[in-house]
Every structure is written in C-alpha cells, then in structure tokens.
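**Q** Sharing a structure, written as structure tokens. Questions coming.
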C-alpha cells in the first residue's frame, strides 16, 4: 500500500498551529459566554509570566538589539520553546538544509488549543462593552506630619519629647546625616523633588504581592490601520503591510550590511506621529466614549516593563480630554550614535527586508534602498483591568494561515548567544519581546541571530505564549506581575489627573517611584483632534 504523501515543510512555515493560536482566544471566549470565567489572572499558585519595544510609536522598529551583553544598543530579541523536561537550546538550529523552519505540529490538550497564549495566567479574556467598575478613588496622601492623631500624646510609637523617648524614632533624616527624605539619608539624602510635582506612585509592592493579584487582559481587537509610504504620506489602509517570507532560512549567511550606503534613517516625527494615529481613528468614526486611554504601544511597553526594569529612565505626556487620557510618546536625550551604533540599527531593518516578500527584488539580488520611514500601523482596542485602551502598534509583517486567517509576525535581530549571554537574554530581552507582542496580540516572533560583523548566522521562530512559559519555569519573570503592575499605574493615573490638564509621567533615578509632574502645554495633535471631534466642519485652532 502506498504511504500517504508527505507534506512539504516549505509549503507552510507556521503549520497548523498558527491558525489554532491566532483564533484560540476567540473560540474560547465565544464558547464560555461568561467573560469573567475566561478572564486571565496572575496568581501566586500558577506563577504568571511576563513583559516591553518602537513603532512610529517607538517600539524599536527594525533596530537591531545589539550585543546580548551590551546595556542598550537597539531593541531586544528572541525566544525559544520550553517544556517541563525538554528545553530547546537557543543555539540549536533546527532549520536543517531545507532553508525553512521545521514547524512540527504541537500536541496540545483541547483547552490549550482554544487559547492563543496557552492556559497560563496571561491568556486573553473577553469582557463586556461597558465597564462595571467605577472610577477609582485614591486614598488620602501620606503625610510626614505626626503631631496629630494616634501617637501624638504620651510615650507612644513615636517620640514626642514627653516622658522619655518613644518606642521608635520619629520618621525623618537620621541624626547628623542631613537630607530631607524620611528615614533614608545616605544614598537618597540629596533627592530633590521637582517643583512641578503633582503626585507619585511609590513602587513599594513586592513582586510576590503583585503575582497574587488577578488582572484581566482582553484579547486585542483590530479596529483600523494606516500606512506611511515613501515620501511620508499617510494612507488609511494596509498598503504598507509586508508579507512574511516563509523561506527566510535561505538567507542564512547573508550580509546585513548590504544597502547600508543608501539607508534612509527614521525621522523623529514627535507628536505629529500621534496625530496620524488620531487621524486614523477619526477617519473610521471610531467612538472614544468608553475609552480610558489612547496611546502608542511603546508607552504600554514602558509601563509594563517597569515592573522589572528598574534602570532605564523614561517619560511620557499625559493629557486628559473629555474623560479620555492621551499618552504621548516622549523621547529622552540620547548619547550621539557611533557608526557601529548606526550599523547595528540598520542590521535590524535589513533583516526585515530579507524576511519579507519584495516583488521588485529578483532572486539573489542584494538589498538596497531601505527606508525606515515606511511603516504599517495597526490600531487595536483592548482592556487592562478596569480600563479600556485604544492603541497604535507598528507591525513588521503578516502571514496567512491555511484557512485564510491573517496574523502578524514580529521580526527581531540580536547577536548570537553563547554561554555567557543566554541568561541575560532570557531575563531581559525575552521580557521585552513578550510585552511588545502580547499587548498587541502578535502570536509569533522570528529572530535573526547575527555575528559581530553583521552576518546572519541563523533564524528561529518563537511563539509569544512559550516565552512566558519558559521564563516562569526558570523563575526569571512573570507576565502576571507586569499586568498587575500596569493595572496599578493606570488606576493611579486615571484617578489623579484632572480634566483639561496636562502632565508628564516620568520614571527616573533612583527608580523607586513614578512621578506625575505638571506640564505647561498640550501637543497640537491632541488639541486639533479634540476640536475636530467636537466641530468636524470647522478648521482646527492655530498652533500654540
């Protein structure tokens, strides 16, 4: 009897699991009928897994992540799949000779098949259209004034100068050490509060406490999209979306320096890029009545990542209009880039060109004319905890399942790993990869590993759900901690900022608190957007 014909692995890069993964959360949600029963939660018993990257929103774009041992050149990269007893090495190359990924079919239980990111605590949940939660009310701020209330009389907890010392010294600088911050002195005694200070959120909760908090995260739903084409024109369609090349393994050994001389670097559009996102929302007449936050993905990456990343400063604009908070991307000053820095950045864009279909490039033809300003942005709606978020996220490319379902794919470039760099890669870079992909609902990440000279050494496909599983197994980080932390931040923000006022949210040294500072102006992109929503026929006000 003739054996059944074997399926050519080159015909399908992602295999059947791609369709299962991309539709899993929806099938799970539609079959349950109860949003709360399908909600994702981060609990201590199941050790959730977790979190951040640049779009035109600042997610990192095609920037190469640089050396795994470097502190910050470019974006981060890569993941491998983990099981309880078997672990595939990051250094293994299963591509073989075929030049195509050997994506074997994954045998999963029926429940796992229904869930895009597995049955862990970071699964997506469906939630009702109207929130049942009221706007959070913040407790009264903590005060250093201990003269009133409990302990103000007698020999109580604090010393009061009567009848001998108290059981504990009064909070404040240690004697003889100066400073103006309660009880710290030494390292923190020179901390000076910004005169624009409005409020702060101290990062006092432990990761164990956050891990026990149940935080729902709704599966992102795409509402619209837009493209930026050559010349900078913005078109409200998917013209700029590229198709993933399933035979990327054929590019192993390619020089990522090709085309560097004609590279067009990405322009810093500032708030103008945010205006393009808001314009796409208006073009589709999408209501913001029940939306608490509008932002680029990059700002959510920063917030979720701060649960673990306590050494990278950042800030963002915070502007509340008509009950919706607009988070504007702010870029902090950077050190001047060397030629090597620019090349590493280009290697990421070059890999994106190699990994996507280009009808205009003949087989074997080198990459040329790479324009970092050409991009495609998806606009999605999701819900984190009690707050609905509308978010713009730049997407590298897409692929299509056997059943015609389109899904997005993230492309990353990073230095080849060795025994010294694997640990940091899993602790830090995979955390950023997971956040960037998870919050936008991207199921797959394809990583190009390169050597120090910019030559492509190997490629590897990672699934977003398995990144979280692996990190949890090794106790590196938990996705649920990042979600719980972000929920705390959004609750604090929404309950603190006032209507028609402008702020800056910053996270700076010594990285012990988030600070909300008063700002003096609102970007024209937001002002014009609000005006056009209320008066579609009238021209926007002149720039400030």
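Cβ coordinates come from backbone N, Cα and C, glycine included.
The feature substrate binding site is assigned by Swiss-Prot to 272, 296, 297, 298, 377, 394, 412, 436, with similarity to another entry given as support. According to Swiss-Prot, the Mg(2+) 1 binding site annotation covers 352, 396, 410, 411. Per Swiss-Prot, Mg(2+) 2 binding site is recorded for 352, 394, 396, and the stated evidence type is similarity to another entry. Feature annotation from Swiss-Prot assigns compositional bias 'Basic and acidic residues' to 1-10, 78-91. Summarising the annotation, Swiss-Prot assigns compositional bias 'Low complexity' to 27-52. Per Swiss-Prot, the feature compositional bias 'Gly residues' maps to 53-64, 149-166, 175-186. The annotation compositional bias 'Acidic residues' is assigned in Swiss-Prot to 103-114. Residues or ranges marked as phosphoserine in Swiss-Prot: 119. Taken from Swiss-Prot, the feature region 'Disordered' covers 1-121, 136-188.
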**Q** Hey, how far is residue 412 (substrate binding site) from residue 396 (Mg(2+) 1 binding site), Cα to Cα, in Å?
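**A** Each residue's Cα considered, residue 412 (substrate binding site) and residue 396 (Mg(2+) 1 binding site) end up 9 Å apart.
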**Q** Using C-alpha atoms only, work out the spacing between residue 352 (Mg(2+) 1 binding site) and residue 394 (substrate binding site) and round it to an integer in Å.
**A** 13
**Q** When you put residue 436 (substrate binding site) at the centre and draw a 10 Å sphere around its Cα, which of the binding-site residues 396, 410, 411 have their Cα inside it?
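**A** Near residue 436 (substrate binding site), where near means Cα within 10 Å, the binding-site residues are 410.
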**Q** I'd like to know which of the binding-site residues 272, 296, 297, 298 sit within 10 A of residue 396 (Mg(2+) 1 binding site) at the Cα level.
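**A** Of 272, 296, 297, 298, within range: none.
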**Q** Among the binding-site residues 272, 352, 394, 396, 410, which residue has its Cβ surrounded by the fewest other Cβ atoms within 10 Å?
**A** 272
**Q** Report, in whole Å, the straight Cα-to-Cα distance of residue 394 (substrate binding site) from residue 411 (Mg(2+) 1 binding site).
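**A** Given the Cα positions, residue 411 (Mg(2+) 1 binding site) is 11 Å from residue 394 (substrate binding site).
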**Q** Take the C-alpha atoms of residue 272 (substrate binding site) and residue 410 (Mg(2+) 1 binding site) and report the distance between them in angstrom, rounded.
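**A** On Cα coordinates alone, these residues lie 24 Å apart.
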**Q** Among 272, 296, 297, 298, 377, 394, 412, 436, listed as contacts of substrate, what is the widest Cα spread in Å, to the nearest whole number?
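**A** Comparing all Cα pairs, the maximum is 26 Å.
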**Q** Please report how many Å separate the Cα atom of residue 377 (substrate binding site) from that of residue 410 (Mg(2+) 1 binding site), as a whole number.
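**A** If we compare the Cα positions of residue 377 (substrate binding site) and residue 410 (Mg(2+) 1 binding site), the gap is 13 Å.
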